[in-house]
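Feature annotations, courtesy of TrEMBL:
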type	residues	note
REGION	1-57	region 'Disordered'
COMPBIAS	43-57	compositional bias 'Polar residues'
DOMAIN	59-149	domain 'GDP/GTP exchange factor Sec2 N-terminal'
COILED	67-151	coiled coil
REGION	176-197	region 'Disordered'
COMPBIAS	184-197	compositional bias 'Polar residues'
Amino acid sequence: SQASFEEDSQKQPAVGHWKPLMPSKGSKEEPETGCQDAGGVDETQSTEQLNVSRLRSSSVEIREKGSEFLKEELHKAQKELKLKDKECERLSKVREQLEQELEELTASLFEEAHKMVREANTKQAASEKQLREARGKIDMLQAEVTALKTLVITSTPSSPNRELHPQLQSPSKAVFRKGHGRNKSTSSAMVSAASQNVTPEPVSHECKEVDSILFAEFQAWKESPTLDKSCSFLDRIYREDVGPCLDFTKQELSELVRVAVEQNTLTIEPVASQTLPVVKVSAEECGGPKKCALSGLPRTCKHRIMLGDSGNYYYISPSCRARITAVCNFFTYIRYIQQGLVRQDVELMYWEVMRLRREMSLAKLGFYPSEM
């Protein structure tokens, strides 16, 4: 037992290792002591094994709990990752949509810019074309005014210019002119004065006397010539001549004709000289070759008128044409006086105005030459 105790003590020197201080008294005591030591070692070993097993069980439990905690954390992380993946996918779709909208917006802006540039170029080309046409018309009108100025200056009632009044030429030299030299009413001064009178008589064969009231009104107007009809001179002529001469059955169209004559935008042309354009208004309003648009009566219409640049033509009878032409002749002459193109004595200009008033009076009464 002493040997076994020593072996045990060598194996486990840290647990239950002790040495007796007194020598043993008998052989009986020694075995007892060895047994006691062996029992203590066994108890110690069992305690240690119990502690180890407890430690092992607690470590296993801790490991299981740690594994469960880690699984829960992993599950939470996976859920968060899935949410973040969904958010990334949503943001990616939003980005793609924004990029597509940006591309469409850029394309539409470029298209709109190109469209605006094309429209600007088209408008610029049209404006340049209109400018060239306007300059051409200005040059033509300037040349025409110069020619008319030369004719008017050299024409007086006592010694009329035969080029300005072709009715005074001999029959062998007279040239038949169908219609007006120009379509505008300003050219009505070029129309023969005899076309308004069937049997013209020389002015020198007539007896005439100046009316003091009319002459005073004309002199006052001549000091400051204007086309405003509020002055006494033109107001009288409007009331006594222009208004009645342009008073036709079709009142609405008559008013349009009067305004066009005043604004110098009336066009008169023969029907057979040009092809008929497309009429934009009803045939009843425009009349026809056999119906006058101003009187509404069935008449043979050899001429037609256009008001401004409307493109609408109205057929007129010879009587209506004579009345419109007489008024146009009057306005043309007073415009020449206003522009300073007539260089004559005041009395001569007065008698020319009276002659034009007489033509309007005859026309409004229905007298017109057969050439109309």
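Just so it is clear, glycine is given a Cβ too, placed from its N, Cα and C backbone atoms.
Automatic prediction, not curation, is the source of TrEMBL annotations.
Helix first, then strand, then coil: DSSP counts for the domain 'GDP/GTP exchange factor Sec2 N-terminal' (59-149) stand at 91 helix, 0 strand, 0 coil.
Model confidence over the coiled coil (67-151) stands at 89, taken as the mean pLDDT rounded to a whole number. The compositional bias 'Polar residues' (43-57): residue composition by secondary structure is 15 helix, 0 strand, 0 coil, according to DSSP.
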